[in-house]
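Taken verbatim from TrEMBL:
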type     : residues               : note
ACT_SITE : Glu171                 : active site
ACT_SITE : Asp254                 : active site, proton donor
BINDING  : His170, His174, Glu250 : Zn(2+) binding site
DOMAIN   : 1-68                   : domain 'CAAX prenyl protease 1 N-terminal'
REGION   : 136-156                : region 'Disordered'
TRANSMEM : 14-32                  : transmembrane segment
TRANSMEM : 38-59                  : transmembrane segment
TRANSMEM : 192-214                : transmembrane segment
TRANSMEM : 220-245                : transmembrane segment
Amino acid sequence: QTLGFFFKDAIKKFIVTQCILLPVTSLLLYIIKIGGDYFFIYAWLFTLVVSLVLVTIYADYIAPLFDKFIPLPEGELKQQIETMAKSIDFPLTKVYVVEGSKRSSHSNAYFYGFFKNKRIVLFDTLLEDYSALNKEPAEGEDGENEDTKSKTKNKKQGCKNEEVLAVLGHELGHWKLGHTVKNIIISQMNSFLCFFLFAVLIGRKELFAAFGFYDNQPTLIGLMIIFQFIFSPYNEVLSFCLTVLSRRFEFQADAFAKELGKAKDLYSALIKLNKDNLGFPVSDWIFSMWHYSHPPLLERLQALKDAKQE
């Protein structure tokens, strides 16, 4: 990032965050205040609606404020993506390329949208033909150092079309196997439980007294105390369980891509992405089990190895 881009990005993030956070927090506090004995149900329903609205509008209205999205041009890659989506009944409507290279060299791909309006987004850093690192310098351009020339010459970033399709096969596996829906259900069950426990604990004066609030019990302070401190041990256990589940989902999505005949290409794509994303291939198993939502590279490659050899 350039210095100007960094500050411009930070200011945009601050403004957008405040435009969303301030009204949502104010309405949530108002609902808790007027909700009566069952306020936790209304508060949960409100946060559910807000989260669904944000998921719906994020890609179309919020993300474009930070990054440039362009439709993937007609060509072989787009045809292959549409063919693969059709083969698994994925209701694809559009394919975009996002200019993620302005922010970092991180490569990724994802899909979004509800019901029959699904869209796929590819980072330009994922594609050899779009990666800024791979583009030939303009004729007569000065100021190139040897490192830049070497990177340009060797095309060190991005994947070939077959590897991009393998990565998408993995992502579409999450959709086909219902991982996205399962994560939403788990998230909302946890949200409801937290609001219920908040309703049970909010009346305990000793919680407020422990933080110096003897004469009154502000709702906002109660939210901070209960969600930040009281729930802290629970959140650690939940985070570990979700990490274990996420790793299981990743292996399942890899297996789905393998069933599509993409094992060999996914194998090579994972190696390239690990290098492009500056990942370290070796991890202590206890540390990775607790912290990594994705299995370490070597574990994923081992799971794909037999199919790759075939």
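Each residue, glycine too, has its Cβ placed from N, Cα and C.
Location within the structure of each feature annotated in TrEMBL.
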{"residue": "His170", "record": "Zn(2+) binding site", "CB count, 10 Å": "24"}
{"residue": "Glu171", "record": "active site", "CB count, 10 Å": "19"}
{"residue": "His174", "record": "Zn(2+) binding site", "CB count, 10 Å": "20"}
{"residue": "Glu250", "record": "Zn(2+) binding site", "CB count, 10 Å": "21"}
{"residue": "Asp254", "record": "active site, proton donor", "CB count, 10 Å": "25"}
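For Asp254 (active site, proton donor), the spatially nearest entry among the recorded positions His170, Glu171, His174 is His170, judged by CA separation. Counting residue by residue with DSSP, the domain 'CAAX prenyl protease 1 N-terminal' (1-68) contains 62 helix, 0 strand, 6 coil. Other than His170, His174, Glu250, the residues of this chain whose Cβ falls within 8 Å of the Cβ centroid of the Zn(2+) site are, in sequence order, Glu171, Gly173, His179, Phe249, Gln252, Ala253, Asp254, Phe256, Ala257. The residue listed as 'active site' and Glu250 (Zn(2+) binding site) are 9 Å apart (CA-CA, integer value).
Summed and averaged per residue, pLDDT over the domain 'CAAX prenyl protease 1 N-terminal' (1-68) gives 90.
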